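*Asks:* Heads up, here are the entries from Swiss-Prot:
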{"type": "SIGNAL", "residues": "1-19", "note": "signal peptide"}
{"type": "DISULFID", "residues": "CYS54-CYS69", "note": "disulfide bond"}
{"type": "REGION", "residues": "54-124", "note": "region '2 X approximate repeats with cysteine pattern C-C-CC-C-C'"}
{"type": "REPEAT", "residues": "54-84", "note": "repeat 'Domain 1'"}
{"type": "DISULFID", "residues": "CYS61-CYS74", "note": "disulfide bond"}
{"type": "DISULFID", "residues": "CYS68-CYS84", "note": "disulfide bond"}
{"type": "DISULFID", "residues": "CYS93-CYS108", "note": "disulfide bond"}
{"type": "REPEAT", "residues": "93-124", "note": "repeat 'Domain 2'"}
{"type": "DISULFID", "residues": "CYS100-CYS113", "note": "disulfide bond"}
{"type": "DISULFID", "residues": "CYS107-CYS124", "note": "disulfide bond"}
Amino acid sequence: MKLRITLALTSVLAFCVFGDKENENLMENLLEDDLLDIFTDAIHMERQETNQECIAKWKSCAGRKLDCCEGLECWKRRWGHEVCVPITQKIFCLEKWKSCFERKYDCCEELECWERRGNKHPVCAPKQ
């Protein structure tokens, strides 16, 4: 795809610089048909690549605020970390005794993520 774009742009540039009358009809056809298709395909592919590189929910978006996946926005946590969160979610902090696994800094005020013994997930508990 990128080769087709490069060749099309090179042809257009050469035609503009040299103004070859013999190839004028060829250039008109290229501009009318192929070039439009080539650029449309390139834009579509670029969008697909961008969508594949989006940042998932609760993952860091530091330095990439506009790259959260669809339905998510970059939100700055209390402790300075930025993560992608659902746009419609109003309360981002985790309430008392809720799991804070992979969300260590998201406990509500007066709570902290408490590591429990054994193989249990950590929970938000009152600060000690």
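Numbering starts at 1 and runs along the chain as it is shown here.
Placed from the backbone N, Cα and C atoms, the Cβ positions cover glycine too.
Describe the structural surroundings of these features, if you would.
*Replies:* The number of other CB atoms found within 10 A of the CB of CYS54 (disulfide bond), across every protein chain shown, is 16.
Confidence across the region '2 X approximate repeats with cysteine pattern C-C-CC-C-C' (54-124), taken as the mean pLDDT and rounded to a whole number, stands at 85.
Same-chain neighbours of the repeat 'Domain 1' (54-84): 92-93, 102-103, 105-106, counting only residues six or more beyond its ends whose CB sits under 8 Å from a CB of the stretch.
A sphere of 10 angstroms centred on the C-beta of CYS74 (disulfide bond) encloses 18 other C-beta atoms.
Its Cβ taken as reference, CYS84 (disulfide bond) is surrounded by 23 other Cβ atoms within 10 Å in the chains shown.
Counting every protein chain shown, the number of other Cβ atoms lying within 10 Å of the Cβ of CYS93 (disulfide bond) is 15.
Under DSSP, residues within the repeat 'Domain 2' (93-124) fall into helix, strand and coil as 0 helix, 9 strand, 23 coil.
Within the same chain, residues at least 6 positions away in sequence whose Cβ sits under 8 Å from that of CYS113 (disulfide bond) are CYS100, ARG103, LYS104, TYR105, ASP106, CYS107, PRO122, VAL123, CYS124, ALA125.
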*Asks:* For the repeat 'Domain 1' (54-84), DSSP counts of helix, strand and coil?
*Replies:* 0 helix, 11 strand, 20 coil
*Asks:* Please report the distance from the Cα of CYS69 (disulfide bond) to the Cα of CYS84 (disulfide bond), rounded to the nearest angstrom.
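*Replies:* The separation of the Cα atoms works out to 8 Å.
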*Asks:* Counting only other Cβ atoms and using a 10 Å cut-off, which of the disulfide-bonded residues CYS61, CYS69, CYS100, CYS107, CYS124 scores lowest?
*Replies:* CYS69
*Asks:* How big is the gap, in Å, between the Cα of CYS84 (disulfide bond) and that of CYS93 (disulfide bond), rounded to a whole number?
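*Replies:* Here the two Cα atoms are 14 Å apart.
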*Asks:* Within 10 Å of the Cβ of CYS108 (disulfide bond), how many other Cβ atoms are there?
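*Replies:* By my count, 15.
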